[in-house]
Each structure stands twice: as C-alpha cells, then as structure tokens.
Amino acid sequence: MFKRRALGFLLAFLLVFTAVFGSMPMEFAKAETDTAPAIANVVGNFQSKLGDSDWNINSDKTIMTYKGNGFYEFTTPVALPAGDYEYKVALNHSWEGGGVPSQGNLSFHLDSDSVVTFYYNYNTSSITDSTKYTPIPEDKLPRLVGTIQPAIGAGDDWKPETSTAIMRDYKFNNVYEYTANVPKGNYEFKVTLGPSWDINYGLNGEQNGPNIPLNVAYDTKITFYYDSVSHNIWTDYNPPLTGPDNNIYYDDLRHDTHDPFFRSPFGAIKTGDTVTLRIQAKNHDIESAKISYWDDIKKTRIEVPMYRIGQSPDGKYEYWEVKLSFDHPTRIWYYFILKDGTKTAYYGDNDEQLGGVGKATDTENKDFELTVYDKNLDTPDWMKGSVMYQIFPDRFFNGDSSNDHLKKYSRGFDPVEYHSNWYELPDNPNDKNKLGYTGDGIWSNDFFGGDLKGIDDKLDYLKSLGISVIYLNPIFQSPSNHRYDTTDYTKIDELLGDLSTFKKLMEDAHAKGIKVILDGVFNHTSDDSIYFDRYGKYLNTGVLGAYQAWKQGDQSKSPYGDWYEIKPDGTYEGWWGFDSLPVIRQINGSEYNVKSWADFIINNPNAISKYWLNPDGDKNVGADGWRLDVANEVAHDFWVHFRGAINTVKPNAPMVAENWNDASLDLLGDSFNSVMNYLFRNAVIDFILDKSFDDGNVVHNPIDAAKLDQRLMSIYERYPLPVFYSTMNLLGSHDTMRILTVFGYNSADENQNSQAAKDLAVKRLKLAAILQMGYPGMPSIYYGDEAGQSGGKDPDNRRTFPWGREDTDLQTFFKKVVNIRNENQVLKTGDLETLYANGDVYAFGRRIINGKDTFGKSYPDSVAIVVINKGDAKQVSIDTTKFIRDGVAFTDALSGKTYTVQDGKIVVEVGSMDGAILISDTGQNLTAPQPITDLKAVSGNGKVDLSWSVVDKAVSYNIYRSTVKGGLYEKIASNVTQITYTDTEVTNGLKYVYAVTAVDNDGNESALSNEVEAYPAFPIGWAGNMNQVNTHVIGVNNPVEVYAEVWAQGLTDKPGQGENMIAQLGYRYIGDTVGDAVYNAVYNKVEGVEISKDWTWVDAQYVGDSGNNDKYMAKFVPDMVGTWEYIMRFSSNQGHDWTYTKGPDGKTDEAKQFTVVPSNDVETPTAPVLQQPGIESSRVTLNWSPSADDVAIFGYEIYKSSSETGPFIKIATVSDSVYNYVDTDVVNGNVYYYKVVAVDTSYNRTASNTVKATPDIIPIKVTFNVTIPDYTPDDGVNIAGNFPDAFWNPNANQMTKAGSNTYSITLTLNEGTQIEYKYARGSWDKVEKGEYGNEIDNRKITVVNQGSNTMVVNDTVQRWRDVPIYIYSPKDKTIVDANTSEIEIKGNTYKGAKVTINDESFVQQENGVFTKVVPLEYGVNTIKIHVEPSGDKNNELTKDITITVTREKPARRQNLLLLHQQKQQNHLKKYHKAK
C-alpha cells in the first residue's frame, strides 16, 4: 500500500487521454444537516475544574456539540488553571467502542489560565485540542476550482463561488481533503481559500501559481489533498503502470470467493471438477503470480503458476488465473504469491477467515478454504429441506406413568429425584445456596416422566406443526436424565419404555411420514455402565466390567477391558475431565483399532450402528439415521467404517455430526452427510439480538446484514451442496440457552419475565423463524420453543414442554411458517442468491426455474424472496435484474400482500421487527429459452461481427461484452431481433469477449451463450529497420540496445505512440562460434546445466516517430560469451497475432546475430560451499558460504534438478550479499538436487558442490508464548485445546514461566494441523476471558513451518474468569501509622464494570485500572469493594472484596493535637461538601 506521493512524481507519469465520461461525485463527508452518530463527551482530569468529577464518562457537563460531517467540538465554559492535563473522548457514556486511540491518554499543558476547545471526528477517530491545533474558519475552507468542477458535479469551470468541493481536515493534521469519482479525461485545477480568488494556490503550492494538470486514464475515485501549512497540493491518483516498479498496489488486489468471477464454480467442488481461481491487480502491476495450496489429506503444499488473462473494460485492472482439479476428496487451503521486481506480496483470506474478499500482506497470510468432496456424496431426498424437531425425551410428554419410578439409583448409588409437578423447574445444583432451593444438589438425577409413548401420543401434534423429522436425544439405558452416559447400548432406558415401545413409535412415525434420528454417544460411556462398572453394580451378571477387572489385577478378564485405559493408580481419561464419562481409548490414533469395540458398534451383524436402524430385521420399525455426539473427538476412520456399516442397512442414511465450528473436513463424502449448524445459529442470533450477550457457549456481538450474509455465505461455500441443503439449522438445543431467553425472556427470572421482555423476545424469535424456514437446510425446532418455553443454561434449558400453558399465538405462527415451507418446494431445494444485505434488512432469493431444482429434480417453476428486518418499518427496494424478470407477480405468504417486479426491482413493505416470504403466483411462465451454443465472432478494423443460430421461443436477443472470459459482462445491446450483430463501439488493439442471451415473449432470459473472443485492430503493414548490434564486451552493466520500427496505416502515421501497440524484443543464445569454443570453459560451462536456446521476450518501449512509423527500443544484458540472436515483433491486437521485423526485401522475417566477447577479467570466483539442507516440510532451505573474486561478486544463481546429473534448471538469482535461499516450489517426498553458482561482474561462473534434499512431513516444534495480567496468581498457566495427547484438558500442557508475566511451552505437532486452544490455570474455572470479562472464542492456528521446522505463536491473556477484580494495594490487614489519614485503593477490573468502594461508585479508566482515596479513622477500617457488570447480570463478573486497614492510635501526648487536626479536617470536608 502506498502513502501519498509528491505532485512532481505524479506529473512524471501522467498520460493524456481524450475520452471523457460523466460521473457523479462521491464526497466522503456527511452533510452539514446530518444527525449525530453518537453522544461524545470529553473526559479527563480537568473535569473537576468544571464542577464535575474527573474521568466521569457519565458527565452531562462535558458533552461535545455535533457540528456535522462527523465533527464534534467542546469548549470549556471557564478557563482551566495553568498546569498539565490528560483526557480522552468516550462514546455513549461508555469506554466500550470509544472514539479514542486505546493506547493511552492525550495530554496538554497550559502555561496560564486558558479556555480550551476540544475537537473530535467520529469518522476518523481523530482527537485534538486548541493548544496544538487551529482549524481554518468555515468561510475560508479550501475548495477545488478548475475545469474539474463540472466533471465531478462541483460547480462551473473556474468559479470558486460555485464550488461544492469543500475540503476538510478529518484528522486534525492540517491536511484538508476531498474525495470524488473523476471521469477519464484531462483537467486543470487549483485550490482557493473560501469562495473567491483572493487566496489561491497552484502548482508546487505556490500562491497564485500555475494551474495543476491532472490527466486521468480511467474512471476512478481520487482524493485531493491540501496542506494548510506548506500549501502543497497533491492527489492519491496513480497513473497506469508501464513496467516493474518493485511495488504492488495492495488496495487494487482482490479475490472474492463469493463472486463466481473470482472463483468458479461457487462453493465446494466435486472430485474431478475444475475450479477456476482468479486474482485482480492494478493493470501492469505484477510480473508473476502463483497460487500456493495445502492439501489437508495428502499433507502437502504445492505452488502453481498463474497466467494473465486480460484487463478490465476500463483498463484499470488486470486479471490472473489458474485452473485446479483434484482426484481425491480433501480440503484445500490456498493463498496467492504475487511478485513485481523485488517486491513480493501475499493475498489470503480476511482475518476472520469467512471467505469473500481477502487481504494483502507482506508475509504469508491466512488461507482461503476450498472443499473438494466425493462426487458420489448425497443425502436422502427426504432430508433436503425437511423440518426437524428435537426432543429431550424425559421432558416432552408423559405417556405411560407406570414407568415413572423404575430406577432405584442414578449414578452409582446416588438417589433418584422424581418430580411430581410437571411444571417445576429442573433441579439446578448451581442454585443450591439460594433461598428456596428444594433439590438434592446432585447433577442430572431428576426425572419428570417423559417417555417414548408420550412422543407417540403427540405425533399428530408434530404432524400438524409440519414436522417431518424427529431427532431424539439419547434413549438408551443410562443413570442420568440426559443419557449421554450410556449404561447399555442394547436396551431402551426403562423410564422411557422398552423395545416394543420403540418399535411402535418408529412404525407410527413412519406411517405419518415422519423420519426419526437417534443420538449416538460413542466417544465415552458411563462409569456406571455394564462395560465399566466402577461401582460393582453388575458383578452378579457374571460378566466383569473393565474397572472391576482392573481392581482384580487383570483388565483382560473383562470382555470390555481393552475399551478403556486405566492407569495403575486407578485413574483414567474422562471426557473433558469428567470421571463419570470414561473415554473409549484409541490404538494407533483410532477407536476402530480397538477390535472388540469396533465389532460391537460397527462390524458385527447386529452391531449397534445397524441394529437400531433395523431391529430384528424390520427397517420400518427402526430409526432412519444417527446424530453423533462429539463427532470431532472420535477418530475419523471410526466414522468411515460407521458409514460403511449403516449403508448396508439404509444407504446414505443421515450421519449428523455434532460440531460447533467448521465441519467441512468431516463432510468430504466418506462418513458424515450433515452437521448441527451452530455457525448458522450464532450468525442469526448476532444479527437479530443486536447487542452483546454471553449465552454460556459463545459471546454474541451485534452485526449488520452484510456481515450476516458473509457468515452465512461462508457456510454455503464450505459445505458440499447436498450437505448444505441437509444441515441441521438450529436456533437452540439441549446444549444451549433457550432461544427465547437468548432473545431476552425468561419466565423464571424476575429480571427478564416482564410482558415487554416477552413481547420483544417473541418478535425476535418469529423473525429468526422466518429466516430459518426460508433458508436452505433442515431447520430444527428444539421442543417447546414454538410454544414459548424459556430457560437459561444447562440444566434450565431442559424444562418440560408447557402442555396446557402454551403460547398459542407463537404456536400458530410456527405452524404457519413451517407449513409455508412445506407447501413450497422452492423453499426446500430452490437455489439461493443474496438479493439485499444492508443495515437492518437481509433478503435472499430462492428459485426453481426451467423446471429443475438445485439438484436437477423436476418441479414446477417457482420463485421466493425472503426478507427480514430487525429495525424500524420501511420500504425496501430490492434489485432483481440478475434474479428474475420484470412482470413476475408475488404474494407474501405471511401477510397476503401482493407485489410485482418492475424496472428490475421489487419494492417490499416490511414492518418493524418483521419479515416477508414472497412466493411467485402460480401459472406464470418462468422458463427461459435454451442458451445459444454456436456464437461466432469475426474481428475487423474498428468492429466485431457476431452471428448465431435461431433459438426456439426467442423473440429477441441481448448482447453482452467483456474483456475477460468468465465475467465482468456489460449489456451493450438489447431487443436485437436479428441473429447477427455488429459492434462498432470498440477500441482497436483491445481484446473483447462476447456472449448472447435469448429472450422470450414474457421477458425470460436464457443463460449466457458460449463465449467468443475478438481482437479488432489496425492491420500492421510492416516491421523492420532493426539495428545491427556490433561485437559486444560481456559485463553486468553493459546492456545491448535494439531498435526497430513498425507501420500500421491509421495508427502509426499519427503523432505520438500508436494506441495499444505492443512491441517485444526476442533474444537467445546460440553458442556455436569459435569464440564460444575458446571461452566456453571459463564463461559458460557449469556441469549439469543445460544452456537454454529458447527465445526470451521482453517488452520494448516507444521512443519516437520515424516518418509514418513508430520506433521502439528494448535492452538486455547477455550473460554468456558466444553468438546471440535477436529479433523484434509487434502486435496491434494484444498479442493475438504478431508481425516480425523484416529483412531488406520487406517480406522475410529477419533475425540478426552478434558476438559477445570476454572482458579483461577472465578469472573465476572461488566456489561457494553449499551446506546439506535439513529435512523440512514443503520447503528446502539452502545456505552457502560466500565466494571471493578478483574484481567483485555480482550474485549467485540457484539451480535445481530431479537428477544428480542434471539437467539443472536455474530457479532464482540473488545478490552478492545473500547466502541463503528458500525453495517452496517442492512436493513432500520428492527428491531434489541443488547447486549454487557464483557469478562475478564479467559473468565468470563457479559452481558449488551438489546437495540432495527430500522435503517431507515432519513434526513442527510449535512454541506458544503468552503474556498474562500482572495480577495473575502464581499457580501456573496451562494451554488447553484439541491437542492430540491432551484433548481440552485445562490441567495438562503446563507452561514454563519465562518472565514475571510470561509463560512458554513448546509442543511437537504435525504440519497442517488445525489447533483450537485457550489458556487456563489448571481448571475451566480459571480460564482466560476477554477484556470486558466476556467469554472469548477459541484461539485458532494452523501449524506451518516458519523455518527450520519451527513455529512461534505469541498471545496475550486479557483477564481470568476467577479474577474479575484484583486489588494491588493495600493488602488485607494492612497497618498504617497514626499520621496516615487516608489511603489509596489501587485495583484492576474488566472494562465497563461498575465499581463501588464503601458504596460510593466511580468509573475506572479504560484499561481497567482504578484508584480511589479512602479516608481512615483510628482503629480498624473496613473497606468494602464491589464490582458488577454495567449491563446484563453475570454472576461470574460480580464479586465482593473486604479489606481491613488499621490506623494506629497516636501516642498520648500527641492525642490532643491530632484529635484537633482531625476535627479540623472533618469540618473542612463537611464545608466543601456543603458548598
């Protein structure tokens, strides 16, 4: 990226263009009449001088006045006393999101009492004050005047009184600016101060100076700058480049994975398909481009060259392309490597890795993701677009009271707690210390009586709701109510029913067209299971559990003994550290290698995975698929075999993965075909909730519609298409807070159970449901959400279904919106296109047109448009030009309102916190004609002729033109009724690409035809007059200059360079002369190096006219003695055709030759010594010793071969001061040979020894360094995550203390491994938190080799969960002497906290530090410190601390004096307080 350039530099590159097109101005300032975007108040240690308290962000005395354009001002009403001051600006009475640099306070000094004015700009977050800055008065603000005024819509030529191009100082740095869209053309301008010529500045900042020229080569946005101190004037316009400048313009780079022009096809691709990837750069800005990609399955990184395919229609950008195809399912991670001379840039994904538009950096960046899935991957048709209902069986409905009390014990010999009141809240041991708690304090042992018969009894209710799939939480025998701790996989839990109950439920559900998915828990079992039997409850069965066998000293005595790894001390791995959930062990990294376990679950004829889909051989009484618990914590190959097993019973049966993040690696086609889409849930909540909220699983932060779209599109592009249309799109589950409570309502919480809270929450839920039911996937309803059930975190989220107490209005709404989905196939399998994503409104379209849905299935044509609005009521104009034709009529299935597409848009009325589901009316023709397949183009001088065949049902044709294949099309003609078209609006010398569409009588437009290229051009008549190069002395600073001329009638016979003419010099080494024979050994011969005799082509530059000809020149430096050959060539049509320089006859192509002879220096350099490279993954690092020479070393050439004897190919040249090189263009496992050749200034060469290297996958030593808060208890720091040997264990991976506040650990991990982690101090109660005390997302890295098989990660912990507040001083039980009458309390807490000391509130500084002086009485002083969140209540962030400080009593002879002094102090305090 580039800083502003001096005007002189800009003028040196100005090009003159004649075509001028109109453009509207774009000024990046708000109108003077705009409204304040926020409340801004200036706070600091001066506020007390204004009768306020210092650093008071709640002050109403220092609120700044909004002046428009983002500017605020505040002037102190009285003079501030002389002295030093600090201040900041806070927004909306909060430190959060402040408009200030967060790195420190701003300061000013007053030598004498003075009034001070503070300035703040909301748009740039800039702040200053009148002690250091004086703005130009409003009536004297600088403005642009000149011929540019009418071009940018800013008044008349050279009239300052009409100029609206007012420049403003947005950053308070005395640089005023104005931004506008400027059309292509030649302009002159100056800057005046105010609306007259009284004070004006021109070229070089000279007052009354010459006009400033500006020649703009293409329509572009330009910012004009004026420095009020130096009076210099400049712009940020960069003219077109003509060659390497060792810079890359970062702002012009672009790759957008959501735009099919840059990545086609969109989204995940099938094996064998080809994906086209493109990147944009400023035209002629980069010399080469490569794509570097990592294959997650093969564990290799490969670099592939890209090729320039053309430029944008306006000539501003160029495009590079690569096509990739993969024959195996995998996940690809890629970024771009771009070079221009000595500059290298990297272009990767954005910081959030959401796809879409990426980001350029100086170093390797985050990768874009591309999923490649098995072409045979599919899901059952009934899955795609069905509506799921999740049931927690114990809490849904009690259909059989006879089984309500069949359990004697829960876990071990713990009691069972049976509820007698269906409407009671679940027992929550978190509340055991609260008044009124009636539970037994034991987790998950309370039951309400819900059972399988209860579900069967309510199938008609579910059917009326529109449900077609039921997902049941675990139903197998278990000691707990959640049943994720399985006791016996072969039995239905006795409180739920038995096998016959199960079969009847399956049969009845299937009879009503409802499928059933079971919950499978195969990562762990219960410690109270028949398989583990920790408590010896099953000794009388005759089969030993693994734990009992271990107690007898021989774990093999149990048929389940090898399922678990029990250590000699009796400990074992429990899921996430819970000893109630012993984990199934892995052998060689997989549970499948535990044969008895694999046989039991997968391989046996009646293995668990198959049996429950086909109990006793009857598929109709079996379930239809599995939801699989903690899927990413079980080895992938276990799931591959699981898939193979269930496919023998029900092919493609659902395998729904529980995965809270990107699950693409599990969705490649060999196992899972759906996922619990928590990513969808979190995005929808963030958008609709519109405030920060910690729901216990994730911290939600407000986003707008554009960010919502980006996050949803990132899911769309990562998941295989059949999976995306079958994802479990949930809003809540048994693991999350109830969605109504997330949206603000909890019936059991007096702070959240008002009618207003409920009304708002219900509105939010309805809005979410509209989106959910209109979006592709399998929307899932968590039981009771549709009936108004609320609930907090587990276990409160598992309340009973409120039968008889339902919110019937909400139920009715859900039935309506679900059945709208069910009645419209387009909402199930129609395609998806974002139509509007701006601010509070999000709209997307669904289509089944031309009689086919997304998967090629035949359905009637239908179109839907779904709109949701979280803001105020409004009309939304939605652009439909690329989505559906004019005239199509729609009806809102929710409101009944009707709409029609007109002039390429549809205007939808949407209420506040409301939505619409527009469905096209039936009976409309939405089938377009077939696309044209035989379009042809013939290029001419100033024209292109197009032709094609007649298309059935077409009444007219539209013509589209671009400059590159695959996109950027502009419609250049419509309603063409012939099957030919001549385009005369072309510029000779440019490449054009055409496509044509067919349009029927209703306006339905076909897809684009086949693409054709055309090259209109002036024909070149002749090229020649190439000079003869004489005998040439070799040397690095001695180039050869070649001149030649070209003639093209109508092009070169005009003054100046012929537009779009390309000239190139070609040269090659021949090496068959006597001179070569004599000098070859010294100059040219490097053993194993094959001297290339191919042509090298370099661009030539126009140097002037020669009569009717244009003359060009190019240079090159010969680097070997002997004979060289050269020739020039010319093209007037982008290199599509070439004309070579002719001989004397003017007809025959003529290449000329010359001889290169040695210089006086014939002594070779000393040989560099190339060290043996170490083994690294995806790279080879070469190091060598420097060479010496009698004159000078020029550089080193690096050569590479796949054979020890060659041929060696030169891959790079480095300068004389560089003694290393990293080759990343390698493939792990391949063998490479290298040598380095020292080259002196006369091209004498000496080769090094040859080394052999084989890059391979080897472990990377990853060092994690973390800086922690200075108040952290000295109890150690751990790093917990999905590390292979310590999965999310906060007590493992103990770090080493490296400094007072730093810890470090080095772990060995495989390259390409994606690690998620957090820092903790031995337990999850002491895990890291964000700066506001909020839950933070998992940290994420991908292990890469940063060099020498190492990687370094540097992190900072903001806060800890267990330390919401810390007191630095004083310590508890501090004793001070009698003379100390007050003490300063210094502490640290989270941002935004409310802190009170002895019930007196104040606001801490932005960085969390606070200080407060507290008066001390004689004797023991009790200081009470309290902190709590300023917003939502959060028990973790609320804490009370009591400190005692004892002030000694004075000696007896001092008592009277001190008592008198204390009384005086108290009297003065009361006096000042009264004042």
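The backbone N, Cα and C atoms fix where each Cβ goes, glycine too.
Taking a C-beta cut-off of under 8 angstroms and a sequence separation of 6 or more, ASP629 (active site, nucleophile) has the following same-chain neighbours: TYR484, ASP519, GLY520, VAL521, PHE522, ASN523, GLU658. Summarising the annotation, Swiss-Prot assigns active site, nucleophile to ASP629.
Mapped onto three states, the DSSP output places GLU658 (active site, proton donor) in coil. Sequence annotations record features per position, and here Swiss-Prot assigns active site, proton donor to GLU658 based on similarity to another entry.
DSSP assigns ASP340 (Ca(2+) 1 binding site) to a strand segment in the three-state reduction. For ASP340 (Ca(2+) 1 binding site), other Cβ atoms within 10 Å of its Cβ number 23. According to Swiss-Prot, the feature Ca(2+) 1 binding site maps to ASP245, ASN247, ASP285, ASP340.
Residues or ranges marked as Ca(2+) 2 binding site by Swiss-Prot: ASN398, ASP400, ASN403, ASP404, GLY449, ASP451. Annotation for ASP404 (Ca(2+) 2 binding site): spatial neighbours ASN398, TYR418, PHE447, GLY449, LEU495, criterion Cβ-Cβ under 8 Å with sequence separation of six or more. ASP404 (Ca(2+) 2 binding site) carries neither a helix nor a strand DSSP state and counts as coil.
Per Swiss-Prot, substrate binding site is recorded for HIS524, ARG627, HIS734, ASP735, ASP794, ARG798, and the stated evidence type is similarity to another entry. Cβ-based neighbour count (10 Å, all protein chains) for HIS734 (substrate binding site) stands at 19. Annotation note: HIS734 (substrate binding site) sits in a coil segment as assigned by DSSP.
The domain 'Fibronectin type-III 1' annotation in Swiss-Prot covers 928-1019. In this model, the domain 'Fibronectin type-III 1' (928-1019) carries an average pLDDT of 97.
Annotation comment: Swiss-Prot describes 1164-1257 as domain 'Fibronectin type-III 2'.
The domain 'CBM20' feature in Swiss-Prot is assigned to 1255-1362. Shown for the domain 'CBM20' (1255-1362): DSSP residue counts in helix, strand and coil, namely 3 helix, 52 strand, 53 coil.
Under the heading signal peptide, Swiss-Prot lists 1-31.
What Swiss-Prot records for ASP735 is site 'Transition state stabilizer'. Residues within less than 8 Å, Cβ to Cβ, of ASP735 (substrate binding site) and separated from it by at least 6 positions along the same chain comprise ASN697, ASP794, ASN797.
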(Q) Restricting to the chain of ASP245 (Ca(2+) 1 binding site) and a gap of 6 or more, list residues whose Cβ falls under 8 Å of its Cβ, or answer none. (A) ASP340, GLY341
Q: Please state whether DSSP places ARG627 (substrate binding site) in a helix, a strand or coil.
A: strand
Q. Within 10 Å of the Cβ of ASP794 (substrate binding site), how many other Cβ atoms can be counted across all chains shown?
A. 19
Q: Can you tell which of ASP400, ASP451, GLU658 has the least company, meaning the fewest other C-beta atoms within 10 angstroms of its C-beta, among these recorded positions?
A: ASP400
Q: Determine, using Cα-Cα distances only, which of these binding-site residues is closest to ASN403 (Ca(2+) 2 binding site): ASN247, ASP285, ARG627, ARG798.
A: ARG798
Q | ASP451 (Ca(2+) 2 binding site) and HIS734 (substrate binding site), Cα-Cα, nearest whole angstrom | A | 17
**Q.** Number of other Cβ atoms within 10 Å of the Cβ of ASP285 (Ca(2+) 1 binding site) across all protein chains
**A.** 23
Q: Return the member of ASP285, HIS524, ARG627, ARG798 nearest to ASP451 (Ca(2+) 2 binding site) in space, with distance defined Cα to Cα and candidates limited to these binding-site residues.
A: ARG798
Q: Measuring CA to CA, name the entry from the binding-site residues ASP400, HIS524, ARG627, ARG798 that ends up nearest ASN247 (Ca(2+) 1 binding site).
A: ARG627
Q: Let me know the DSSP-derived helix, strand or coil state of ARG798 (substrate binding site), please.
A: helix
Q) Including all protein chains displayed, how many Cβ atoms other than that of GLY449 (Ca(2+) 2 binding site) lie within 10 Å of its Cβ? A) 22
Q: Can you figure out which of ASP400, HIS524, ARG627 (the binding-site residues) comes closest in space to ASP285 (Ca(2+) 1 binding site), comparing Cα atoms?
A: ARG627
Q.
Neighbours of the Ca(2+) 2 site ASN398, ASP400, ASN403, ASP404, GLY449, ASP451: Cβ within 8 Å of the Cβ centroid, same chain, sequence order.
A. GLY399, SER401, SER402, GLY450, LYS453, GLY454, LEU495, LEU496
Q: Could you break down the residues of the domain 'Fibronectin type-III 1' (928-1019) into DSSP helix, strand and coil, giving a count for each?
A: 0 helix, 38 strand, 54 coil
